[in-house]
């Protein structure tokens, strides 16, 4: 076999190898992030496709979404109800008139309750007792956001936080509301504390009690509602 034929066969083998090693380069692969997209073509996921597990992992790394109460005066809404006499807090943080202890909350709510009071104690403030009625209302608000596909203080079902408390005939003077959604309640709390308005609610010296409601959506992501009241 002549040298010329050997060289031709070697070149042909190399060409076949390149075809096998780079199928994406020869196929019409989708553009990667940052690539210019030809006119008339819609952007699609890069090649290969990202698995659902990877999408969930990336979503878990996203910053939490948190919305402060929309009332201008420091996220506080004044109620029309007269101030109720407050019973004395028990040593475990519960009330002696039927208000419940943190152990009665869900694990996610307990985690947030502990985080809130740790922040308050670290800033020289008193720990807040967890209020059963406020927590039940907070849970209803979180569920309402999931059921009706919104994320805002104004509910299409209940109206504002003050409207919701009034409809439930809950006695209070003022109320503050924090809402958040994230991959975990820990991420949600971190996002709330990094926002001046949310932090003001959590560290408000005027509050005498707190209600916390956490509901997970169909994908397992928690929607958080926190009601602070006095």
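Including glycine, each Cβ sits where the backbone N, Cα and C put it.
Of all ranges given (69-105, 106-142), TrEMBL attaches the label region 'Disordered' to 69-105. Summarised by DSSP class, the composition of the domain 'SCP' (114-222) is 49 helix, 20 strand, 40 coil.
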